[in-house]
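*Asks:* Below: one structure in structure tokens.
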Amino acid sequence: MSSQMADGKTIILRLEIDTNLAQFGRAATAIEKAKGDIIAIDVIHTDKNKSIRDLTVKIAEQGAAERLTNALQSLPGIRLLHISDRTFLLHLGGKITIQPKTPIQNRDDLSRVYTPEVARVCQAIFDEPSKAYTLTIKRNTVAVVTDGSAVLGLGNIGPYAAMPVMEGKAMLFKQFADVDAFPICLDTQDTDQIIAAVKHLAPAFGGINLEDISAPRCFEIEQRLRQELDIPVFHDDQHGTAVVLYAGLLNALKLTGRSLNEARIVICGIGAAGTACTKMLLAGGAKHIVGVDREGILTADRTYDNPMWQWYAEHTNPQRLTGGLAEALQHAEVFIGVSAGGILTRAHIELMAPEPIVFAMANPEPEIRPELAEDIVAVFATGRSDYPNQINNVLCFPGIFRGALDSRATTINEEMKVAAAEAIASVISDDELNRMYIVPSVFNARVVEEVRRRVIQAAVKSGVSRRNPRE
Ligand SMILES: NC(=O)c1ccc[n+]([C@@H]2O[C@H](COP(=O)([O-])OP(=O)(O)OC[C@H]3O[C@@H](n4cnc5c(N)ncnc54)[C@H](O)[C@@H]3O)[C@@H](O)[C@H]2O)c1
Ligand SMILES: O=C(O)C[C@H](O)C(=O)O
Ligand SMILES: [Mg+2]
């Protein structure tokens, strides 16, 4: 039996009942006893000896799914073939598809979308390559490229297991910004091979969104691709996260009467996201940032093999603090977690200054769940959709690419990132700002609209646009 269960949800159980030994009623009774509520029954197959049925069952409490499984497995003549929940059902066959824009109904259509007529279009692009933007999908396409090495906080789970996240990103691109994004999961973690692969596939795309590639390789991969390609290359976990974090932090500081210059900030997890968040905060004027990774506080008193950590140690921690997370957190006012789930405790937060700001942004499991400490925290945010204050790069990447594609920008530069952060923060007015509402919802249509508008302005002003679209 394969099992992918979740409590407090609707689950689908596939049962095989040996009709010589058992009756369906026994299974139904067992399910009810285990506090499952059967809401639908579908017969999948029946013959003389067995019947296979899918039961849709509502389970309310923690552990109910496991109790139910155990109860069914102990019944003679009944086999539990499979359990899935709505999340898994939603993933059956993948989450996206490609649709032609026009139907091909007759030979005339066929000869125009395809050979022979298509050849004239190919020739036109050959004569003038920039026509790829007007005569192909390039103007609206983004490749979401990963090597599966830092997928959410799950770590190095490889290209196949990374696909559901990349398909999800493609859905978000389409739904929120009408960008056609394709998940591309590369079966290599070699820096040169990744760079070569992305360069080879670039002709079909108007932009490259690098996703979930671990530090420090992600820095070189992005930097070299930015130099070598004339389309925007954007590592979402670095810059998308930094943009949204910056927007959220500005609002949280405003709410708690603090300034970025003076705030004592601890960043935990000095990988792709942590490094980029730090750079953006330093550029915005932050002076008291302390970075912590697995080996403890990064300090200029030590030397590091990882060049990014070396840079980090030299540009942060002015007091040269040493020790671990607890030492870093003494009297700190802001905790920013982009590390791993569950590593922060309530006792840690108690070490911080009064009214602290805690952004526990690891996915899917935050550094600490809000329910464990929200009573001692002034502003709490996570990366998840099921808590208030979702600081997640989804607030950034659809709109920033929409703006970059529409202005046909050659790159996404610092000016465009700052514009995106200011756009996100600006969607919340001073009247609306409160501890449960420091960043707008991803469903607020003004987010993409405003990010796009300001990003286009910044691209034009900074001289990287190749087109100035009408508003
Ligand atoms: N909310 C968002 O929008 C968002 C965006 C990007 C990343 N993230 C999350 O941030 C985390 C890191 O992502 P990344 O792309 O930077 O990955 P990464 O692999 O580049 O970096 C992770 C860093 O965290 C460190 N780390 C792991 N466990 C730690 C611990 N116990 N204590 C201190 N440091 C620890 C690692 O050593 C590494 O340096 C993931 O959980 C990811 O889901 C969230
Ligand atoms: O994928 C997300 O939800 C955000 C971010 O890109 C992450 O890697 O956690
Ligand atoms: Mg990511």
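Glycine is no exception: its Cβ is also placed from the backbone N, Cα and C atoms.
This is the feature table in TrEMBL:
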type: DOMAIN; residues: 93-226; note: domain 'Malic enzyme N-terminal'
type: ACT_SITE; residues: Y114; note: active site, proton donor
type: ACT_SITE; residues: K169; note: active site, proton acceptor
type: BINDING; residues: E211, D212, D237; note: divalent metal cation binding site
type: DOMAIN; residues: 238-460; note: domain 'Malic enzyme NAD-binding'
type: BINDING; residues: N363, N392; note: (S)-malate binding site
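Walk me through the surroundings of each of these features.
*Replies:* When averaged over the domain 'Malic enzyme N-terminal' (93-226), pLDDT in the model lands at 97.
Remark: Y114 (active site, proton donor) has I104 as non-local neighbours, by Cβ distance under 8 Å and separation of at least 6 in sequence. DSSP assigns Y114 (active site, proton donor) to coil in the three-state reduction, placing it in neither a helix nor a strand.
Every protein chain considered, the tally of other Cβ atoms within 10 Å of the Cβ of K169 (active site, proton acceptor) stands at 24.
Over all protein chains present, the Cβ of D237 (divalent metal cation binding site) has 25 other Cβ atoms lying within 10 Å. Following the DSSP three-state reduction, the secondary structure of D237 (divalent metal cation binding site) is helix.
Applying an 8 A CB threshold to same-chain residues 6+ apart, the list for N363 ((S)-malate binding site) reads L152, G153, G383, R384, N392.
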*Asks:* Starting from the Cβ centroid of E211, D212, D237, which together make up the recorded divalent metal cation site, report each further residue of the same chain whose Cβ lies within 8 Å of that point, ordered by sequence.
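*Replies:* Not counting the recorded site residues, we get T146, A150, V151, V165, L210, I213, C218, H235, D236, A272.
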*Asks:* If you count, for each of the binding-site residues E211, D212, N392, the other Cβ atoms lying within 10 Å of its Cβ, which residue has the minimum?
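*Replies:* It is N392 that, of the binding-site residues E211, D212, N392, has the fewest other Cβ atoms within 10 Å.
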*Asks:* Fill in the CA-CA distance, K169 (active site, proton acceptor) to E211 (divalent metal cation binding site), as an integer in Å.
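*Replies:* E211 (divalent metal cation binding site) has its Cα 9 Å from the Cα of K169 (active site, proton acceptor).
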*Asks:* Give the subset of the recorded positions Y114, E211, N392 lying near ligand 1, defined as CB under 6 A from any of its atoms.
*Replies:* N392
*Asks:* Let me know the DSSP-derived helix, strand or coil state of K169 (active site, proton acceptor), please.
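*Replies:* Helix, per DSSP.
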